[in-house]
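Report on the following structure.
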């Protein structure tokens with residue numbers, strides 16, 4: 001310890017900087033600094049401390065930590081009582097911690113249920129026990145969890161500016177840079193303005209591009225009604241092929257040939273996303289983890305791969321030949337080419353492409369996997385889908401307008417998104433003192449004070465299964481409910497407010513097109529895994545057992 005203190009004493013604190021942001025100028029009187037007082041205390045007491053055992057020092061240190069926690073909470077409570085925002089707010093129901101200091105019991109339960117693939121069910125059951133909004137304390141940091149649509153509306157819309165992305169930026173930034181999913185404030189506004197024009201109908205309605213990759217997918221699926229096929233992995237490959245085609249004008253072709261470079265990118269992208277998901281799961285312990293060298297290399301492979309396409313797009317803009325010699329992309333519009341017309345910032349283009357690729361691959365694959373999981377267990381729904389497609393399309397592939405008119409098909413999509421939202425749980429962080437409209441008091445209907453720095457967790461998975469919102473059969477797959485009911489903030493598969501998903505129409509169009517073409521191609525679909533649904537939660541939700549089915553051709 002003496003060595004550490006000596007280093008602190010000798011360190012030139014004026015040399016500190018945060019990237020390009022210089023550190024604040026030190027106080028002119030170093031005697032008033034915390035570091036100086038620590039050093040002075042050590043100089044005075046280091047000799048006397050040598051007589052005490054390590055255990056005694058450890059106990060004293062732990063006691064000091066507990067006292068510090070108690071003092072912090074007392075000061076926070078005093079601040080909360082006197083905050084003008086808190087007038088009218090009532091206490092929030094708290095999770096019944098056994099460890100009231102660090103909240104390790106709460107953390108342990110989360111870790112164990114996650115490993116058992118029951119994390120979302122545990123969250124849902126907690127809401128049923130504690131109420132739709134409750135508080136926790138972990139490592140002396142306050143958190144609020146909610147499945148209340150009014151509170152979620154407040155977080156995402158009404159008081160949108162009161163919240164930031166929290167820890168998402170340091171975790172996802174190494175791969176996604178300054179893209180739309182990892183930016184706040186002006187950076188985020190710039191990203192959204194840059195990307196919005198590229199999700200116009202002309203881009204979203206390119207069904208021929210989807211059909212091209214779907215044809216490759218269908219070639220890999222036996223139609224004899226006897227062979228078992230695992231659809232979940234095929235859907236991931238399909239959405240990666242179609243998303244890269246949509247974004248880069250060049251598909252990875254993971255369902256067919258694919259070059260070695262394309263395959264390397266696909267593998268690196270999957271590894272990078274797994275590493276990001278792991279960091280989110282680790283939470284506060286992420287700082288103790290050694291950097292994963294393979295994951296860091298994967299980040300660089302992904303960014304370098306996309307940079308090659310950005311260079312080609314900029315060359316096309318300036319009338320130069322493609323560095324890759326790819327002639328297939330020059331005559332049609334695609335996302336990257338349009339983006340390159342809007343900005344010269346190559347790093348920004350690369351970052352935005354990687355951000356959209358995550359949504360284009362993972363969320364749509366999650367939806368398709370969950371959709372076919374439930375359809376394989378509801379043959380009567382499958383026959384209704386086939387009947388609607390046959391009546392309205394007469395065996396032809398649908399165009400964009402026809403697709404929009406297939407009401408029962410859309411109801412099946414909505415019902416799947418309700419039960420299995422691709423992003424079932426999300427977080428924000430309060431950037432200032434603010435309030436939630438509900439959750440306080442004995443009945444949970446009074447406003448709640450939210451201090452600056454508080455982590456907000458909102459769980460659409462639990463909200464979508466609330467019987468008071470969706471009826472006593474909320475846990476059941478029943479597409480017919482969408483024929484008579486309309487939902488607002490109770491149904492939130494694509495987020496809401498200013499940050500609502502830009503690509504939701506693309507995802508819905510692609511999923512509906514795939515569903516219709518499958519219904520036209522296969523007479524029956526049968527589940528081949530009798531096990532109940534078990535969650536696999538990474539960045540998106542999937543079935544831990546996959547989607548094993550048998551399909552019989554029409």
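Glycine too: its Cβ is placed from the backbone N, Cα and C atoms.
Remember, predicted model here, so these are calculated numbers, not experimental data.
Between the listed ranges 31-51, 52-72, 73-93, Swiss-Prot ties the annotation transmembrane segment to 52-72. Under the DSSP three-state reduction, residue 501 (heme binding site) is assigned to coil, being neither helix nor strand. Annotation for residue 501 (heme binding site): spatial neighbours 359, 363, 494, 495, 507, criterion Cβ-Cβ under 8 Å with sequence separation of six or more. Counting only the Cα atoms, the space from residue 425 (N-linked glycosylation site) to residue 414 (N-linked glycosylation site) is about 18 angstrom.
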